[in-house]
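Novice: According to TrEMBL, the record shows the following:
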DOMAIN    127-258  domain 'SLC41A/MgtE integral membrane'
DOMAIN    336-479  domain 'SLC41A/MgtE integral membrane'
TRANSMEM  86-108  transmembrane segment
TRANSMEM  169-189  transmembrane segment
TRANSMEM  201-226  transmembrane segment
TRANSMEM  238-258  transmembrane segment
TRANSMEM  270-292  transmembrane segment
TRANSMEM  304-322  transmembrane segment
TRANSMEM  394-417  transmembrane segment
TRANSMEM  423-442  transmembrane segment
TRANSMEM  463-484  transmembrane segment
Amino acid sequence: MSNEHDDFEPIDGVMEAQIPQSTTIDHLIVEGNNNQNNNHNTGDTLSNVIVENWIFAPIAVTIQKMNVSKTNHVFNVAEKESKKQFLAEALIPFLFAGLGLILAGVMLESAEGSEFFTTLPDAVIMVPTLVGLKGNLEMTLSSRLSTLANLGFMESRKDKINVALSNMALIQCQAIAVSSLAVIPVLFLGEQAISFDDTLCLLLSAVVTASLASLVLSLLMVAVVIAARRWKLNPDNISTPVAASLGDVSTLYILLTVGTLACHMRDLHVTLLIVILLFFYAIAIVGAVMAAEDRFTLEVLKNGWWPILCAMMITTFSGLVLKKSMQTYPPLAAFQPLINGLGGNLVAVQASRISTQLHRARKNREIEVRSLQTYINPWRAFFGNNEDASAAQILLGISVPSNIIFIFIIFLFGVGFHNTTPFTISFVLVCAIQVTTLLYICQILVRAMWIMRIDPDNSAIPFLTALGDLIGSLLLILCFWSQWKYFGLPVSADQYTGHKFGH
């Protein structure tokens, strides 16, 4: 019998000898269907597919081990979209995301006088960590759901419910566990002594905020992905910006509300704080058990912690840099959520799209990743004849004019100084540099993780968004320094009028 797969090139350098022709996906499906026709009770599966050793297996590898009764999903792969379609789908959610980030800046500046931050001033250190954690969890969830939807695993009502419940349970477990670590920087880097009661109050505030924000945004992500598939839209382009449009605002609002209530309860019933905290930890345990019952979320539950923890450390460092810079240039806080949030959103869309391409290539037995040298070339990232370059051009095209609009909206609220043409040009320029850098890193990092046998859906986005926060904060400092140094803009601490953003 001739080998009809002779024209396939090796995938990631894995020779066909490692995945014999008789055990390829295509043949197992055909053989499995033939066996089912002969005996419906044989229970043949794809579990004997010879696959590579993955450190963190992606969805496509998990699919290789699934029962052949799911074969209708294997061929349900999203078609490539046009540039106009991508632009139309990404533009509106991106604009809403920008408005949401501006509102988050208003709320952050107004929150300085809130009861929670007045009672526990060092609690502000937790804000970048919790907001970053929320973003990482929701963006990885968005990417994971988009991949499952594009591969056809959210078609029936039963599939939608199963995917939604298992992923929401996973997010609850991750959010509660990781948010508990957000208190550590406050304990070691805070300027005031922290008592046991204060620590308990901070811990409860972080855990409850992460849990409730993740619940709300997870429901939103599931609804957006399902709606996108129903309307024949690509969820990769929509879900991440939609999450960002409400994510930062909802996280800040919940933190301030829960933190204030926790401070009141601390003064009355400390034991009640402990009981509530244990209740949420019990939710995390139940979430872990539910996530372990699903093949897709089990892999994330076992191996998906280190990307979020590493990103959390980077974000914490970014928060310290930002806190120091705000002491030098107070009005900088008004622009920080915008530059960091938009850059992270754009690169998350690109990472999600590339990850879906890799999953699609594996399922279709195409070449997944060429030599990594191919992706180091900056020309390929922005001017090559490929999907990555086309998407990067559109994302940059969205970024520049949108930032011009957003900066004028920010000044409508008042930031303590008047806008100038050099400042607008400088701000838009640093935003473009940030996005360009992230998009270039994205095309390398996602492929490198795939070659290293690490799932980019759950690993690349946390690193990229954390890098976006760090790069954005440093570039924003450079922007304000250059405007103060060379254009005499009154943005330094000794020149600042003391005007509160949003007042």
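Here the Cβ of each residue, glycine as well, is placed from N, Cα and C on the backbone.
Where the annotation comes from TrEMBL, it is an automatic prediction and has not been curated.
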Novice: Return yes if the transmembrane segment (169-189) and the transmembrane segment (463-484) have at least 3 CB pairs under 8 Å (sequence gap of 6 or more), otherwise no.
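Specialist: These two stretches do not touch.
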Novice: Treating G and I as helix alongside H, and B as strand alongside E, what does DSSP give for the domain 'SLC41A/MgtE integral membrane' (127-258) in helix, strand and coil?
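Specialist: Result for the domain 'SLC41A/MgtE integral membrane' (127-258), in helix, strand, coil order: 116 helix, 0 strand, 16 coil.
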Novice: Under a Cβ pair cut-off of under 8 Å, which of the recorded stretches 86-108, 304-322, 394-417 contacts the transmembrane segment (463-484) most often?
Specialist: 304-322
Novice: By Cβ distance under 8 Å, which residues at least 6 away from the ends of the transmembrane segment (304-322) in the same chain are close to it?
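Specialist: For the transmembrane segment (304-322), the sequence-distant neighbours (Cβ-Cβ under 8 Å, at least 6 residues beyond its ends) are 56, 125, 127-129, 132-133, 136-137, 140, 174, 177-178, 181-182, 185, 189, 332-333, 336, 340, 455, 458-460, 462-463, 465-467, 469-470, 473-474, 477.
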Novice: Counting only residues 6+ away from its ends, which parts of the chain sit with a Cβ under 8 Å from the transmembrane segment (86-108)?
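Specialist: Cβ under 8 Å, 6 or more out: 127, 131, 233-234, 237-238, 240-242, 244-249, 252-253, 333-338, 341-342, 345-346, 349, 390-391, 394-395, 397-398, 402, 405-406, 409-410, 413, 501-502.
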